[in-house]
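These notes concern the structure reproduced below.
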Amino acid sequence: MAAGGSLSRTERKAAARAEILQQEEQRDRRRQVSRIWRKPPSERSPEECQVLSESDDIVRELERRRKRRDRLRRRQEEVCDEPEELKRKVVELAAAIRNAKHLVIYTGAGISTAASIPDYRGPNGIWTLLQKGRSISATDLSEAEPTLTHMSIACLHKHNLVQHVVSQNCDGLHLRSGLPRSAISELHGNMYIEVCTSCTPNREYVRVFDVTERTALHKHHTGRMCHKCGAQLRDTIVHFGEKGTLTQPLNWEAATEAASKADVILCLGSSLKVLKKYPRLWCMSKPPPRRPKLYIVNLQWTPKDDLAALKLHGRCDDVMRLLMEELGLHIPSYERARDPIFALAEPLRPEEEGTHSRKPVAPPQGAEPAPAPRDEPPARPGGWLGRGCAKGTRRRKNN
């Protein structure tokens, strides 16, 4: 022992070596126990059984890990209700909708899978495939159209059965279904909208193509300029790790107000793993008896299942088809010629023609754009909601 009671350099090195050897022995022991533990009990030798009996702490940890993996695997499994069970649940859901005073719908990626847009956490979802180390292919969204679920929601709103829609999706299909802008909160943005944040209020430009070609996390400039002030335009997408600050199309104020008034919330096609982090949407400040009744339509487990008045295990289109039939409502068909995006969109100026390479959403040949939804500002001659959308689209096609 050195003076002062401190260890000498040789003693410190010996202690470090002893600690490393002990850690290696523990790792070897864990590997040995794990190998034995994975064997069927009938195949374990008496010596192996003895090893397990002397390693209770390691066995308990292995058991905890297995239960956790099994639980996660079960949560990722898709479960479908039997047809009769699903129909019974839809009847109950329809009654709740009829009696609701203020119904709000929360939508996730699951309502767009029928439009060939991948979800995130399903068996073939983006996050699922990435976690498995598999690659994902880019999806051409220009051919995507509002699904039966999108059109059903727009119909329910038209009949005053739904007061507001809160969406996590960026695909713009709620807008294209005919749902008024004031009735939608697109919390994560809209791929067809770019804005000028230098103008007050922010000036929006609706496009007929995906404006996010050049944007990414913390990189939002699209490469085009505001027609009024000349400032750079930015997309409206809110990526993971970002906080959405735009008034539109996020429309957080309307989403919060709708949630505060809601007596029924219907969640369609969302894992709710992101939405659960927004306490304002769940009225958590209210005592439980005064919170809105929750109805969930999803094939997989969600963190809100235990709080739901009813969980329907079914595909969104299947459930909405049964629901609209039970409510006695006709589901309108999507007609591309009447897609509101063509009336809302601002055509590119000649000098902007080369600023994107994404395929635009094109109207049928010779079709005139439908009028904008009733709560939109009227189009101004030559303005940013102007008449030239169809003409502008044809010009891009001819070039």
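Heads up, the Cβ atoms here are built off N, Cα and C, so glycines get one too.
These come from TrEMBL:
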REGION    1-53  region 'Disordered'
COMPBIAS  29-38  compositional bias 'Basic residues'
DOMAIN    83-330  domain 'Deacetylase sirtuin-type'
ACT_SITE  HIS188  active site, proton acceptor
BINDING   CYS196, CYS199, CYS226, CYS229  Zn(2+) binding site
REGION    349-399  region 'Disordered'
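Structure coloured by features recorded in TrEMBL.
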| residue | record | Cβ neighbours (10 Å) |
| --- | --- | --- |
| HIS188 | active site, proton acceptor | 19 |
| CYS196 | Zn(2+) binding site | 23 |
| CYS199 | Zn(2+) binding site | 13 |
| CYS226 | Zn(2+) binding site | 19 |
| CYS229 | Zn(2+) binding site | 11 |
Inter-residue Cα distance where the pair is HIS188 (active site, proton acceptor) and CYS199 (Zn(2+) binding site), in Å: 21
Length of the line joining the Cα atoms of CYS196 (Zn(2+) binding site) and the residue listed as 'active site, proton acceptor', in Å: 17
Model confidence over the domain 'Deacetylase sirtuin-type' (83-330), averaged pLDDT: 89
Residue counts (helix, strand, coil, in that order) that DSSP gives for the region 'Disordered' (1-53): 44 helix, 0 strand, 9 coil
Distance from the residue listed as 'active site, proton acceptor' back to CYS229 (Zn(2+) binding site), taken between C-alpha atoms, in Å: 26
Output field, Zn(2+) shell: CB within 8 Å of site CB centroid, site CYS196, CYS199, CYS226, CYS229 dropped: THR197, SER198, ASN202, ARG203, HIS227, LYS228, GLY230, ALA231, LEU233
